[in-house]
Amino acid sequence: MAKKKKDTKHTRLCEATGAWATKVLEDFRASGNDSYVFEQQLTNSERGIIHQMCRTMGLRSKSNGSGEERRLSLFKGDGISKSDKRRMYEARNQKEKEGDGISKSYSKHRYETRFQKAGGIRKTRISPKKLKCVSFPPEAKAVLHDLFTRYPPCDGDTTGTSLGIYTTGNVNSNWKDDFFKKPHMTKHDIENNVVSLSSRLKKERHFREIFEARSKLPIASFRDAIISAVESNQVVLIAGETGCGKTTQVPQYLLDHMWHSKKEACKIICTQPRRISAISVSDRISWERGETIGRTVGYKVRLQSEGGRESSVVFCTNGILLRVLIGKGVNSSVPDITHIIVDEIHERDSYSDFMLMILRDLLPSNPHLRLILMSATLDAERFSEYFGGCPVVRVPGFTYPVRTFFLDDALSVLNSDKNSHLLSAVKRDFKDEDKVSLDEAIDLAWTNDEFDCLVDLVSSEGSHEAYNYQNSTTGLTPLMVFAGKGRVSDVCKLLSVGADCTLKSKEGITALELAEKENQFETAQIIREHAGNIQSNSQQAQDLLDKYMATIKPEEVDVGLIVKLMKKICSDSKDGAILVFLPGWEEISKTKEKLLDDRFFAHSAKFIILCLHSRVPAEEQKKVFNRPPRGCRKIVLATNIAESAVTIDDVVYVIDSGRMKEKSYDPYNDVSTLQSSWVSKANAKQRAGRAGRCQAGICYHLYSKLRAASLPEYRVPEVMRMPVDELCLQVKMLDPNCNVNDFLQKLMDPPVAQSIENALIILKDIGALTPEEELTELGQKFGQLPVHPRISKMIYFAILVNCLDPALILACAADEKDPFTMPLSPGDRKKAAAAKHELASLYGDHSDHLATVAAFQCWKNAKASGQAKEFCSKYFISQVVMKRLDDLCRKLQGELNRHGVIPSSSSNCSLNAHDPGILRAVIAVGLYPMLGRMCPLSKNRTRSVIETIAGAKVRVPSLSNNVDMSSTKFDEALIVFDEITRGDWGVVIRSCTVLPTIPVLLFSREIAVSTTESYDAVKSDDEEDHKVGNVGDAMDIDKEVGRPGEKIMLGPENSVKVVVDRWLPFKVTAFEIAQMYILRERLMASILFKVKHPKENLPPHLGASMYAIASVLSYDSLAQSSVQTVAVQPITSVVDATSPRDDIPSTNPNELREHDPNTTPMGSKLELANKLGLGNMEESLPSNFADGNEQPDPNTSPVEDVSAATKQKKMQSESKRCKSLNNVDLGNIEENFGNMEENPPSDLAIGNEQTLPKLASNLDMGNMEENTPSDLANGNEKTEPNSANSMDLGNMEENTPSDLANGNKKKEPKSVSKLDLGSEKVSIPSNLVNGNEQHDLNIAPGEDASAAKQPEKKRSRSKKRKSGNNLDLGKMEKSKPSDLANENEQTEPKSANNLDLGNMKENTPSDLANENEQTELRLPNNSDYGNMEESLPLNLANGDEQPDPTTAPMEAAKQPKKKRSRSKKCKSVNNLDLGNMEENKPSDLANGNEQKDPESVNRLDPGKEKESIPSNLVSGNEQPDSNTAPAKKPKKKKRKLANNFDSVNNMEEKMPSTNVLSQGNKSGLIEEKPSIPSDQ
């Protein structure tokens, strides 16, 4: 322990080594070298320092050798060159192809796969434990079954979707934006403007004062020189010190010159690196010209602008101008621009550097264009050389002298009672005339012994410049003169105020040597003693510094030292504002808190403490420019934003922490870094210059002189320390045929090759570039939108699944600060975490992104009720960020509309905005490939840890909702996150969201398939898998004889191993992975279609596929939530912030059910969400409210148990309204059947209307007076749906909707003779149970259908209706309700004679568990339907509404026996009069119910067909033979709980959240082999 303490002390003392090592490491990281070896012999302690620094900076370090030969080596990433990685990859690929049994990749294209960034080729090692099984939920299987029956896989699925055959779009398409066009101004208009300006100058006193102040700026005397240089040269560089006035005056000089001298209109574009600068400067210039913003001067920043074409001067950010140059095309954007001013080029942001490269290439072909570069640092020569030696106009700054102290001096100041360090801050400037006077006084004193003048000057100046001034001719100083002349008192005085006794004259002698030469022994002795004291003091200062450095960490800001220094300044001086430079918001908050806790600064009348940060509202930021009242000192705590972007003119004292938060990118490890780093010398100079605005100032640099000497000259250019994926895309848009790497080498400082390679991989992953690096139409569209390319893809996907609003929120939030604030006290932190969890729980919890979406929705609702401030306070949310997000979302939506991506009315674009499954999928698209999986828990770990694709282990941030996912059910859960950040606290991920597996399979880059151990007879489940690190690049199935993968896909139920992105293994059935592949292809095809044709409908097969994808995502989320739902304790006091009522339900599932028994459990939860502030559910929920009827949300999963008492209350529950696949709004089932709406589908792009295909030709519904529901409870009447003629059914099975579980049987009905349909299968519509009503499918528009309100009716009049080809279906006399409970009988209909229906299979419900049987039904002959693609069993005609067929059978409540009702007369197919069908009863029995077989009938008279079975029987209902008298009632069987029901929730069957119109078959598995193209 003692040794460790000694080493630590030594490490802290050796600051010189730390400063030197920091410089070496930073230079190495900025270089293009892959390795570096220290040639110096380092001690163990020094090597320890460097090893620790390397870990922080993401570098690898290793020591080799022994003794004097021991050397320390540094490496970037894994130390393996890219060429070696490529050879390793090819060798591994060849090995895999030759004999490891891996089938080739399911991807048809060659992807350039991202390799492990910190370990070369990833050696995927599958855990010996069983693979995680992945399967579609039963409801999703039914949807997929319907999809692939109607639109089976074919070659057209991949046509146009392969990245290799994308067509390059017109990258120079016209973008109609006249903001950068030259104003329409005649010479007369220009003269009027000049006269108006002159008139105001004469008449308005305020305007004259402004003009006079402008004329006193340092740059005013250089006006003519600047104008002349601009007229004579195409490029001019103005190097002006901060405060000279270049930013505000140069644009006005150019404007006035064009108007006054040339009488010409002009368009002057001025770029700024920051939004705040562009807006504030344009506002300042407008004020100086006596105008309002938006007239002569305007601005345009991202999603915000003032002014337009008539603005002659436009301020914008660098990114805006860059987008204009690229987006509009170089041939159409430049001619209207006369001048481009690029300000603050020394900041070297990536957009600025890239734009300068483009402009340099444009200048030769645009001789009219003038480019003015402006910089505030000494790096002007380099920029001049970059533009071929352009002229430089140097403008001095208008600042007073500033004295600088370093940490060594500051510590001495704090230990001293004197205030001599403040003397220079109260004296006037040392000017040229003072220098002339001193020259004369020194000459007179030395030659004529006239000392009075020199003594007076030195005393009056009182500055170090005067004390140490050297004569311009002789080099003598006042101290030398007084020492050589023996003036002891003057020598003592000069030495006491800091005169330097080490200076030498031009003859090379010091004051001491001159005194000895002149035999002035007394003064010589005084100087000799003083020099000894200085050395002693210097040693004391060094000792003091060493002791201080031993107690702190140099990389951390010492807030306590800053407070002590401010107290010292305020005690020794009376006025002058103090500006403190700090790295970030955390340090600002800590400093402010410490100041307020100190009694010295607690008096608000004496001190005003202000913060200058991007998180601070604009109104608060403006206060820093106001001068405080007399007797009050202003203290400003700021980041580097105060270096050059803003100027505070009353600052006298500057405290520089020497640190700055800088975001950078490590391309070798593919990790972003946000660390506090040391400033550059240029930054330090800028900060010191802030102190000399109004008088002489002082700057305290809180780092040593040794550290100051080791600082880099300038900051590393942003293009070298940030990802360049956006720049690479812009390069391809500018020149589609160029090589990106070669193009970027033209930059002043090009990025490293590894960074460019990483960017190209991302662009290929999202489809913006082909594998050959060609620009795709998808990439062209991504580049036009004002968001990151990944965000662009997320927006397009969100539009396709009707989930736009959350996507806009997430897109805008990606570039903003976290809306959730971080309280300082532990108690408040716990409350903030609970509040965030409560918001996220509205969408299933375990997501930081969904918490942001919920917070924004709740805030908008609270804002509408005037409670936004209270809501933000109680939920620890930044109202500033919320307002900002609201503004950005509105503007981004306008931009999308302007680009034609969405229609002007986008109210229907967010019908699925509250579906958790679809929301998580949208997040996955926007964040991919930032994917990881949760590591299993360990005893010593308290925080969640994520494993990335590179094999790195990163932590979840402390404020994340997923920080403490301690349950083992989250082991290996998949996580998507914003980015990996290496900070001072370690390597963490940013905001993250837990994902189900199916979205990952859908959106991943590639999926590879191999056999599982269970398929191999040699291996067991417990054996380790073979390596899957590198698989083939084609998605073809290996069919060579003898190969292990020969029969992978031949059996649909065979289990296969699927490896996602070459590192995530899962176990899936061969049939389901085949379906997944087709869905992937159709998803990409849908996005491409939407990009090319944003205002057109998707083709039918793509529309149906997007609907199916949305349904799968929704059902999968419901299945996941039923397993992983975690109760969140509500914050009662917080809830009141948005809803002061007392009836707000808790988030506890049981309480939700008790709150409203008539809603689905998730419906109650969404009701809670609505009351908490989720806005108008009628506008956003996928299921709509029709005619004022309330309706529970069908898009959510039941998550609570439904008690028997609750079920009894639901005798007649509200039916659900659902959108069908083909955009038909089925309306409310119980009421209001008159007006049927056609709404945009939840799966198709907004604005596309698509109606249901007609299933019957010339359907005539006849005059139907009463159409009661198809499934009636409590004795309600019911009619039979129409059949359709000439329908191509394809290979359709008859799928009943209910699920038979726990040993339920369904016996085979007897077949009818001579029945042959050609393997045709029929799908029976699903029904509503538990007293839910279902209206007739063919009900006429406007007809009242209130059968549910007539439980006492026994009989109703028969109705005559027509079916396909005007066929009379005869009379149906008796129609029993479809859902009969408690041993009600029901018979089957007789089949008609001579109908050739072929082999038609009747499939039992979707999930047949425990030996459920599946039977075959033969239907009458001579009615050949052919292959029908449209398999929807429910028809809509003449505006008839259709009940929701996706409603699953629920547990029936106890109901009284129902009497028989008269059935209706209906027509069948092919002109056959089916006669009187007496009894129509349900077709399916659930929970142990038996169904008897119908007797076979030969050549039955179609005139009297009896009993057509609509749907279901539940809860012990029997079904007798359809062709005999009702059978004897069997004993009532005890109902069993279905296996597939959630054991915790014990609820109704889950409903889809995408308005799913699914078939009754829930299995989703086609019994035949999957129809997959041979090339798949």
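Cβ atoms here come from the backbone N, Cα and C positions, even for glycine.
Broken down by DSSP into helix, strand and coil, the domain 'R3H' (15-78) contains 33 helix, 15 strand, 16 coil. Per Swiss-Prot, the feature domain 'R3H' maps to 15-78.
Annotation source Swiss-Prot lists domain 'Helicase ATP-binding' at 227-396, citing sequence analysis.
The ATP binding site annotation in Swiss-Prot covers GLY240, GLU241, THR242, GLY243, CYS244, GLY245, LYS246, THR247, and the record cites sequence analysis as its basis. In the shown protein chains, 20 other C-beta atoms lie within 10 A of the C-beta of GLY245 (ATP binding site).
For the motif 'DEIH box' (343-346), residue counts in helix, strand and coil come to 2 helix, 0 strand, 2 coil, using DSSP. The motif 'DEIH box' annotation in Swiss-Prot covers 343-346 and is backed by a curator's inference.
The domain 'Helicase C-terminal' (561-735) scores a mean pLDDT of 86 in the predicted structure. Here Swiss-Prot flags 561-735 as domain 'Helicase C-terminal', drawing on sequence analysis.
Annotated region 'Disordered' per Swiss-Prot: 1137-1165 (among others), in sequence order.
Residues or ranges marked as region 'Disordered' by Swiss-Prot: 1177-1223 (among others).
Under the heading region 'Disordered', Swiss-Prot lists 1260-1576 (among others).
Swiss-Prot lists 1281-1301 (among others) with the feature compositional bias 'Polar residues'.
Summarising the annotation, Swiss-Prot assigns compositional bias 'Polar residues' to 1381-1412 (among others).
Annotation source Swiss-Prot lists motif 'PH2' at 1454-1465, citing an author's statement.
Per Swiss-Prot, the feature compositional bias 'Polar residues' maps to 1509-1524 (among others).
According to Swiss-Prot, the feature motif 'Nuclear localization signal' maps to 1530-1537.
Residues or ranges marked as compositional bias 'Polar residues' by Swiss-Prot: 1540-1562 (among others).
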Neighbour-count leader, CB within 10 A, binding-site residues: THR242, THR247: THR247
In the chain carrying GLY240 (ATP binding site), residues 6 or more apart in sequence that have Cβ under 8 angstroms from it: PRO218, ILE219, LYS246, MET374, SER375, ALA376, ARG394, VAL395, PRO396, GLY397
